[in-house]
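A short write-up of the structure that comes next.
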Amino acid sequence: MKNYSQYHQDIMNQKLENIRNNIQCSFEFFPPKNSFLEENLWSTVNRLSLLKPKFFSVTYGANTGEREKTYDTVQKIYKKTGIITAAHLTCIDSTPHKLKEIAYNYWNSGIKSIVALRGDTLEKDYRHTMYAVDLVLLLKKIADFDISVAAYPELHPESKNVKSDILNLKKKVDAGASRAITQFFFNIESYLRFRDNCIKNKINIDIIPGILPVCNFQKLKRFSSMTNVKIPKWMLDMFNGLDDDIFTQKIIGSSIAIDMVKKLSCEGVKNFHFYTLNQSDITYSICHILGL
């Protein structure tokens with residue numbers, strides 16, 4: 001008689017082994033605003049460094065103080081861990097001259113990776129507004145930066161349609177982008193359709209899914225409404241009645257992220273970018289369960 005218990009265990013082990021051998025992860029942080037948050041960031045960096053990620057990235061604020069914090073944080077993480085650390089850089093609130101200065105400083109200090117973004121629109125009316133494609137072109141003229149750009153499986157909030165979104169991404173790729181990191185999402189079919197559209201339009205770079213482990217569902221709903229990210233009904237049902245139970249929310253959030261990585265891995269996805277929110281516990285748990 002067939003030992004089904006052993007049979008199912010072997011299947012599970014094989015699936016985890018396939019994931020362990022075929023995928024890599026990267027992690028996003030944001031610059032800390034005070035000493036308490038800085039201590040928390042370093043605790044997170046130190047713990048996630050143990051997973052030997054492909055790279056880290058550090059977000060970029062829209063004012064001068066935040067910019068300097070990004071630069072300092074990128075430098076410190078890279079020097080302390082030796083792991084490639086990509087600096088986010090936005091162009092909507094800057095000038096070509098200032099961007100060149102920032103880029104030269106990064107390159108000359110050993111930071112060769114940039115996440116090139118337009119940045120969120122601001123109330124102030126900036127003339128000569130630059131776009132992400134302009135920033136990619138500017139960076140490539142300065143040095144051979146390894147450049148990541150943004151992609152939107154569920155449409156950029158300001159885009160007219162899918163076609164314009166794909167065209168914009170293609171322009172960034174043709175300008176020299178090496179990969180695209182997506183906005184977070186929860187509908188796997190949205191990502192797969194987007195990837196298919198990219199292939200049809202000869203966009204041949206890696207489209208890395210951005211994974212956001214849910215820690216606080218109420219905050220997620222508010223943020224999703226601003227970013228055009230759709231929350232599926234099954235997910236609303238899962239978190240129903242848990243507004244005051246953050247612990248259970250984290251467990252469910254971990255389960256959703258693990259399931260997403262497994263399913264996307266079966267579809268040939270090999271790289272995943274985690275939005276950590278500077279918290280290591282849930283992200284580390286997810287990666288540990290996946291055997292990373």
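In case you wondered, yes, glycine gets a Cβ from its N, Cα and C as well.
Annotated features, as they stand in Swiss-Prot:
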type	residues	note
ACT_SITE	Glu28	active site, proton donor/acceptor
BINDING	Thr59, Gln183	NADH binding site
BINDING	Tyr60, Ala62, His88, Arg118, Gly119, Asp120, Ala132, Tyr152, His156, Asp165, Asn168, Lys171, Lys172	FAD binding site
BINDING	Asp120, Gln183	(6S)-5-methyl-5,6,7,8-tetrahydrofolate binding site
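The structure, with features from Swiss-Prot marked on it.
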| residue | record | DSSP class |
| --- | --- | --- |
| Glu28 | active site, proton donor/acceptor | strand |
| Thr59 | NADH binding site | coil |
| Gly119 | FAD binding site | coil |
| Ala132 | FAD binding site | helix |
| His156 | FAD binding site | coil |
| Asn168 | FAD binding site | helix |
| Gln183 | NADH binding site | strand |
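Cβ neighbour count for Tyr60 (FAD binding site): 22 (other Cβ atoms within 10 Å of its Cβ, all protein chains included). Cα to Cα, Asn168 (FAD binding site) and Gln183 (NADH binding site) are separated by 15 Å. There are 26 other CB atoms within 10 A of the CB of Lys172 (FAD binding site), with all protein chains counted. Taking the Cα atom of each, Tyr60 (FAD binding site) and Asp120 ((6S)-5-methyl-5,6,7,8-tetrahydrofolate binding site) are about 11 angstrom apart. Cβ neighbour count for Gly119 (FAD binding site) (all protein chains, 10 Å cutoff from its Cβ): 20. Spatial neighbours are here defined as Cα atoms within 10 angstroms of one another, and by that definition the neighbours of His156 (FAD binding site) among the recorded positions Glu28, Thr59, Asp120, Gln183 are Gln183. The two recorded residues, His88 (FAD binding site) and Thr59 (NADH binding site), have Cα atoms 5 Å apart. Separation of the C-alpha atoms of Glu28 (active site, proton donor/acceptor) and Lys172 (FAD binding site): 21 Å, rounded to the nearest whole number. Other Cβ atoms within 10 Å of the Cβ of His88 (FAD binding site) number 22 in total over all chains. Rounded to a whole number, the distance between the Cα atoms of Thr59 (NADH binding site) and Gly119 (FAD binding site) is 11 Å.
When other Cβ atoms within 10 Å of the Cβ of Ala132 (FAD binding site) are tallied across all protein chains shown, the result is 25.
Proximity of Thr59 (NADH binding site) to non-local residues of its own chain (separation of 6 or more, Cβ distance below 8 Å) is seen for Glu28, Phe29, Phe30, Pro31, Thr70, His88, given in sequence order. According to its DSSP assignment, His88 (FAD binding site) is in a strand.
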